[in-house]
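Have a look at this one.
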Amino acid sequence: MSAQRRGRQSYVSDISLIDANVILRYLLADHPELHLRSKTILDAVRTDGRRVLIPESVLAECVYVMQRIYQVPRAEIASKLAILLGFPGVTGEGLPILRQSLAIYADTNLSFVDTLIAAHAAARQQPVETFDKGLRRYLDLQLKSDV
């Protein structure tokens, strides 16, 4: 019986996708057993050559949970997640966007999703169509400071 028929898949990539719950248990240490398991995974990403990809959606979920559920201050959220993105085994084309989004998030009152939009717009030098007054004000200020 093949691995797929037994309910397991065989993978061709050595890069794992990581879910928000692994990152959250690692950063929050709110569940001892899961914290230990997440620490094993992320310590290997930090020091042992294990490679992971953190999608934007996962980072957005981490920000949301840390801010809304655990009331972690914005600057602390941004700092902890930026450190995690700096682990040698964290990979992906979107890392500069994620880092920029976290920097904007730490310095503004914008939602994390709005900071992603702002970071994408800046990286691509593209305009943004929005009715969000806070995002529009931020984008307009960025345009003026670039002139």
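Think of each number as a place in line: the chain as shown, counted from 1.
Positions of Cβ are set from backbone N, Cα and C atoms, glycine also.
The domain 'PIN' annotation in TrEMBL covers 17-138. Annotation comment: TrEMBL describes Asp19, Asp114 as Mg(2+) binding site.
Describe the structural surroundings of these features, if you would.
Assigned with DSSP, the residues of the domain 'PIN' (17-138) fall into helix, strand and coil as follows: 83 helix, 6 strand, 33 coil.
Counting every protein chain shown, the number of other Cβ atoms lying within 10 Å of the Cβ of Asp114 (Mg(2+) binding site) is 22.
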For Asp19 (Mg(2+) binding site), list the number of other Cβ atoms lying within 10 Å of its Cβ atom.
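Within a 10 Å radius of the Cβ of Asp19 (Mg(2+) binding site) lie 14 other Cβ atoms.
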